[in-house]
Amino acid sequence: MTDVSSPAGGAASPVEMATSSSSAATTLTNGANKTAISTAAGVAPGAVPGPGSAAIPASSSSGNQVKLEHHHRQSNNNRPAATNRSSETKLRSPAGESDGASRLMTPAGSSSTPSQSPSPSQSPSQASIQTQTSQQDRLAKASTTASQQDVDEVARLFEEKPEAFEKWLTERAPPEALSRLQEFIENRKPHKRPSVTSDLFQQWMAASPTVQQKSPRSLSNSSASSIPECRRHLMDLDEGELFMELIRDVANELDIDVLCHKILVNVGLLTHADRGSLFLAKGTPTNKYLVAKLFDVTQKTALKDAVTRASAEEIIIPFGIGIAGMVAQTKQMINIKEAYKDARFNCEIDLKTGYKTNAILCMPICNYEGDIIGVAQIINKTNGGCFKGCMEFDEHDVEIFRRYLTFCGIGIQNAQLFEMSVQEYRRNQILLNLARSIFEEQNNLECLVTKIMTEARELLKCERCSVFLVDLDCCEASHLEKIIEKPNQPATRAIKSADSFEEKKMRNRFTVLFELGGEYQAANVSRPSVSELSSSTLAQIAQFVATTGQTVNICDVIEWVRDHNQIRAEDEIDSTQAILCMPIMNAQKKVIGVAQLINKANGVPFTDSDASIFEAFAIFCGLGIHNTQMYENACKLMAKQKVALECLSYHATASQDQTEKLTQDVIAEAESYNLYSFTFTDFELVDDDTCRAVLRMFMQCNLVSQFQIPYDVLCRWVLSVRKNYRPVKYHNWRHALNVAQTMFAMLKTGKMERFMTDLEILGLLVACLCHDLDHRGTNNAFQTKTESPLAILYTTSTMEHHHFDQCVMILNSEGNNIFQALSPEDYRSVMKTVESAILSTDLAMYFKKRNAFLELVENGEFDWQGEEKKDLLCGMMMTACDVSAIAKPWEVQHKVAKLVADEFFDQGDLEKLQLNTQPVAMMDRERKDELPKMQVGFIDVICLPLYRVLCDTFPWITPLYEGTLENRRNWQDLAEKVEMGLTWIDHDTIDKPVEEFAACADEEIKDIEFTVTTLNCNQQSQHGSEDSHTPEHQRSGSRLSMKKTGALGKAVRSKLSKTLYNSMDGSKPKTSLKLLESHVSEDMDDKSPTSPSQPQASGSMGRMSASSSTSSAGGQMVDKSKKRSKLCALL
């Protein structure tokens, strides 16, 4: 075997020779690389390589050959094909071979080697290299011999007939061509950049603990027969070479145990020390101590023995105690010639082992920041293997020791970081498993807690684990019961800290205890009593943690119990050395339990690292417990909801007597109810007539027979729907009836049924009747502001979703399913129509859909049969029906508007009372005079644009548009009168919008004399005057209606005359008044000084006289003074 020289030029070290075959072939020199390239190019084995290259023997390991193959493949990908035609290998197919197999042919004069089978002198690895080389050469040959014309021809054939090419590949392609194609595809794939750190970490995690403890370059891991030989080779090296070789030995070691063993063995070789010990720094910044990682290690001590002995007898040395402790505290080296003469030396170990310590050299190990991470100590210098008690460590030994420990400090810190990363990796894997368990075991709290405790015990290596759960009263007691159980205390009462602690202690009562013992013991679940908890020391510690919310790490249980005045249970304290106890909290930072670890396996206290890991377990435990409890509570609430729905369904369903009565009633024709007219009104219908009218609509649409709806089921459903409407002022059952009638009129009179299927007509009528079920008299914004359960349940279109859910609830009630005869597909279709139609009554949805609908109309749409088009059309029809009261005759419209206003005003009162906010104008009772103006705005923004586009597209529904226009004129007229101060809104209904004179039948109406003072409108208000601060709508109506000349305007005179002379029913005037205007003088001096608080105005006084004729009989008695006051108020 050819030797590879060491970097220093000397013989190979035994450390290098003791490595495995995989680690022996590390990096190739330039010569080796050149050899690999020449071999890949076809140079036969045994050929003379280029200068500076190392020969590759025929007996090389397969690992090296694989590496060379890989290197050749990568270099071939990045190197252009050779252009030397004379030395090319040619790819030929021999005649008579049907499989198309090729063979390598070399030019004359070159040595040829058969490629079919390797020669007996060739190894399989060499044959594989040659086979790989042949394939690469064939690919290079193919790429150089093919002309561009051939490539274009093949490409054109492939593009024109790809199916034929695929068929040729699958049926007739030679195997070699397929393998070459596959190889070409593999070579074209991008290579992933190798990550040494990631590969090393994955190899480390995948290896067994036995493999992980082995050092690939460790002298101590060599066989017993090779140790003297290795030591002899190391002794042959000079000091510099030996130093560098031992540094390389520890440079890449990541296992902390193996690294420490290497350091002590190598230091013994460098300083001729008999044995050594290595201590690592642990603890917090305020309480640091040394832990003996390996103790009394000689050059012959095996790694396993050293680790076992250190684990069995863990030695802890505080900083500042003993020789090693002083070195760690002062960071100064200590060199002692005679140990027994030094007061810091502890001879107990010598007495115990029988070994005598003479010379000691102790030196600190620091990291790059200068912090102490360990202390190395060597004992008793030897001379060539012979121990002489008088020998001491000289300055040269100290310098060698210091230099070597500098490199060792880097290695130790790297190994510690790697150990931390491995620990974090394992912890993350466990936490991922815990997260998986939370989802898998969310319905079983016992299994979940048991899994968490098992993982915590195995990771933290403790003897026992316990979890205490606090009684939270989750969803068990009602609010009233909680108030009675815990009455409110006065806010000013002074509470002592002890009282507060006791109150918290009583509040955090443990109800469930989970205990997990040894490895093969099952978890124990119990419900301890109050007496059992009070007599247990472990329970008292858990109670303290639950009350304070603090983590407790107890090293001495007896001392802690004495300091905190807790009950001391002898049987528990005797078996307990260390306790780590931590609160378990939910998302609201409320303690829901306590997790407790008892006794680490090696008898040492729990460290801060243990507490950090255990904190993650506590968080996941809290998440799992909270999730499980929420799941259990959700199941209970769902069960309660089912019971409540059953009760609600029973009480929401119409009684059997009512159903039978309606079933037997005679249903009048549609004309008698005026169902075909857009001017339908329900004022004259009693409640039973409203139900009969609904039944008639279903009959006229032929829905009962078409969908085989049982008549008694339909009657019960109509009565149940009526029963589930609340008695609010507007959004009640009668509003639903009017909406359904308008839909019926649009379908029949408006001829919209020609665009709908029978199933869609059924869905639209059901949606109209159910679109405001269980309306509370408040809108969606109010539900959101008050954070009502409905707003939490439905984030958008709150009330509309609730209406649909109520509709579904009634349909699912026994004896109310009018869709029971439908097929599953028809049932899904009609329910989709009902849902979409009900949600479309939300004006927010109307504004979203309006633009798309207008776009369809502008594009001349006439079919309306697509799914999206039909949905838009149905949505616009639902909105048109929902606001159809605006198109009713005026005597109906203004009464309905007053009902709507009263319902809005009630909501405004609730906002003032509950939310302490100022409602908007339409809901503010104090601004009721603005109702006509707001009605005009509502018509202009929503109603008229909708009815106009529907009327243009479907001309048969023009009455809706015309009625809306007429009502807009009436509301505009009323708004102008209110603005001029000629009327006010203070009646129960707006049936008498203007106060009028009523003539008496038996009293002669005499002239009424009154004066009207007109102010000079040309006079500008002085700055700071009272009039300048008066709102415009609160100023005198006469002033607002005057012209600059002081006379009443023409529009005002016509409106005043109409109001005074015409009655509400449009009959002839009952009274005749003559209104005389006075001439207004404008001789006021604009520059005359006036008082800011008393503005001066001038004008002439005019007399107005009114003569009346005899009034008709039936008028009211009105005295003279009352008439005068009313007329003055009007003006």
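Quick reminder: no glycine exception, Cβ is built from N, Cα and C everywhere.
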Return the residue out of His651, His735, His801, His802 that Swiss-Prot annotates for the same divalent metal cation 1 site as His771, Asp772, Asp882. His735
Which one of 1-26, 157-182, 911-936 shows up in Swiss-Prot as region 'Disordered'? 1-26
Within 10 Å of the Cβ of Asp772 (divalent metal cation 2 binding site), how many other Cβ atoms can you find? Include all protein chains, please. 25
Under a three-state reading of DSSP, tell me whether Asp772 (divalent metal cation 2 binding site) is helix, strand or coil. coil
On the 0 to 100 pLDDT scale, where does the domain 'PDEase' (655-978) sit on average? 92
